[in-house]
Amino acid sequence: MEPIEQQLTELRTTLRHHEYLYHVMDAPEIPDAEYDRLMRELRELEAQRPDLITPDSPTQRVGAAPLTAFNQIRHEVPMLSLDNVFDEESFLAFNKRVQDRLKSTENVIWCCELKLDGLAVSILYENGVLVSAATRGDGTTGEDITSNVRTIRAIPLKLHGDNIPARLEVRGEVFLPQAGFEKINEDARRTGGKVFANPRNAAAGSLRQLDPRITAKRPLTFFCYGVGILEGGELPDTHLGRLLQFKAWGLPVSDRVTLCDSPQAVLDFYRNVEKDRPTLGFDIDGVVIKVNSLALQEQLGFVARAPRWAVAFKFPAQEQMTFVRDVEFQVGRTGAITPVARLEPVQVAGVLVSNATLHNADEIERLGLRIGDKVVIRRAGDVIPQVVNVVLSERPEETRPIVFPTHCPVCGSDVERVEGEAVTRCTGGLICGAQRKESLKHFVSRRAMDVDGMGDKIIDQLVEREYVHTPADLFRLTAGKLTGLDRMGPKSAQNVVNALEKAKATTFARFLYALGIREVGEATAAGLAAYFGTLEALQTATIDELQKVPDVGIVVATHVFNFFAEESNRDVIGQLLAEGVHWPAPVVINVQEIDSPFAGKTVVLTGSLSQMSRDDAKARLAALGAKVAGSVSKKTDLVIAGEAAGSKLAKAQELGITVIDEAEMIRLLGA
């Protein structure tokens, strides 16, 4: 066997292995970027020796064989995948190939849309009624997922409107919004269930459940982007026209679809989407560029596994492979001990990553991680980089186990793990320098007491020099004492003292949030402040009384009750008040006297708003007598859903709670 034959055989075997893990097991071992690199290498070798191309080469087909647990559906029209480009030069070369094949000097009109990172599906409607749905599978045969697809609320069971074809097969992507993904993993960590590496895996795992009742509980959604079978009817002769027709029939279509009349316009679209990517609320890994004219598409035709008239222009990879060099343990403000992987530095999504969170001991056990392992690292948007999985097939011989500490790495106190919790905590409290530092950083943060100019490095020095032990000590600092800190001149020191003085005037809600009570975020703090009105009333509340507050269940109520029951906490609060911390007396809102549809209602906001900030919306709702909560429960009266609403919207629909959109909220605010 020639060396190139051996190389081709090994590459094909490796790619088939990873295709099986990705398409069939929903458990990819390597990042997409590494798969793409291997595929490019195979294509280049086959281009050198086309006589060695085999019919079963990964370059000649679409995906992997379907699971036998599902019935199989044969695609009457094959579901092909797209070829990829990864930079401007490659896209421009693709554009030139299309122009040359069309023998045209005029610019092609391109239809550009998002490349969703989910699971491709085919849905068949007969006389407007959904009759079957299937995964892509190997492009020829997929898995019958009809029962599961019927549980996805975004997918209509019956199309509406005029001129619906007798048989219409639409194609699109089932995906999971990021908020829903985070909620699923949060629940899984709490209950010991399966934690998914990323939203794509979670969507695939949710859609390919043998029990549709499980799928129904997952907040999956869907965007339509193409057509397979078309019988007994007509569709527009442009791709954009078809998308608009699908939307008119009730099928969801992404609103980020644009016609581009030049290669430069396509590049501008690509850059704009890349810039907006962190705020979309769902994962994409590029943009899809298609010739808009169906006549030109037909003229261009197909290669073995992809159309010549479309390409996926992919973003820089959000996942890369590297090695874990060590694991260190950090202590947070509530004593939570978090393992952090120290990595061989690697570029991920344009950022050099050298650390990644490992969450807790359970996550380390789930990953099967050892120091020295080769791992896949993921960084999406502003999310802290995390280890997605271990590349077990490439584990070095010299790895060693990760040993979780039995004593706090900072203060030496015992650590404990409460039954039912995933987090291990230091028991040292404020004698622990790390907890003290993090508690004080939280106290002065922008959304808490908002002490301008008091950054993390100042807090670190204040604690290390024993100048500050509790939040009250901050208000006793003088410019003279601050001047002794590193890089702190007299003027800067006086500015910090002035900022501390200004911060004394706050709100009850901010003060509660600044105290750092476990599980009490901004929304819960605002709810407690609004419900009880005064510190005295809150301090003396029972656990049962605390649970009457929207968003407060038994766990949060217990944390709040225990916090105020602790004498040292009450002492610190007394000192803060003695130093002059104050807030306005509560304004009692009589909801009976407010003529507003929001008066007396418990309201939850979810998704992103385009007409006003979330804080403005909360303030206006509260002024009209609404109680704005942070999570959906049986106590919730109304959910306001913005763009890319996730798990909160799904839960509201599950509980039968009224849901309105942003436009309706604005209309009612002005009513």
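Glycine is treated like the rest: Cβ placed from N, Cα and C.
The active site, N6-AMP-lysine intermediate annotation in Swiss-Prot covers Lys115, and the record cites sequence analysis as its basis. Within 10 Å of the C-beta atom of Lys115 (active site, N6-AMP-lysine intermediate) sit 20 other C-beta atoms, taking all shown protein chains into account. Secondary structure at Lys115 (active site, N6-AMP-lysine intermediate), taken from DSSP and collapsed to helix, strand or coil, is strand.
Taken from Swiss-Prot, the feature NAD(+) binding site applies to Asp32, Ala33, Glu34, Tyr35, Asp36, Ser81, Leu82, Glu113, Arg136, Glu173, Lys290, Lys314, supported by sequence analysis. Reduced to three states, the DSSP call for Leu82 (NAD(+) binding site) is coil. The Cβ of Leu82 (NAD(+) binding site) lies under 8 Å from the Cβ of Val288, Ala306, Pro307, Ala310, Val311, Ala312, each of which sits 6+ residues away along the same chain.
Secondary structure at Cys432 (Zn(2+) binding site), taken from DSSP and collapsed to helix, strand or coil, is coil. Residue environment of Cys432 (Zn(2+) binding site) contains 21 other Cβ atoms, counted within 10 Å of its Cβ in all protein chains. The annotation Zn(2+) binding site is assigned in Swiss-Prot to Cys408, Cys411, Cys426, Cys432 on the grounds of sequence analysis.
The annotation domain 'BRCT' is assigned in Swiss-Prot to 593-671 on the grounds of sequence analysis.
Each residue contributes its Cα atom, and for Cys432 (Zn(2+) binding site) and Asp32 (NAD(+) binding site) these two points are 43 Å apart.
A straight line from the CA of Glu34 (NAD(+) binding site) to the CA of Cys426 (Zn(2+) binding site) spans 40 Å. Taking all protein chains in view, 18 other C-beta atoms sit within 10 angstroms of the C-beta of Glu34 (NAD(+) binding site). A count of other CB atoms within 10 A of each Cβ picks out Cys426 as the most crowded of the binding-site residues Cys408, Cys411, Cys426. Around the Cβ of Arg136 (NAD(+) binding site), 24 further Cβ atoms fall within 10 Å across all displayed protein chains.
Residue density at Asp32 (NAD(+) binding site): 17 other Cβ atoms are found within 10 A of its Cβ, drawing on all protein chains shown.
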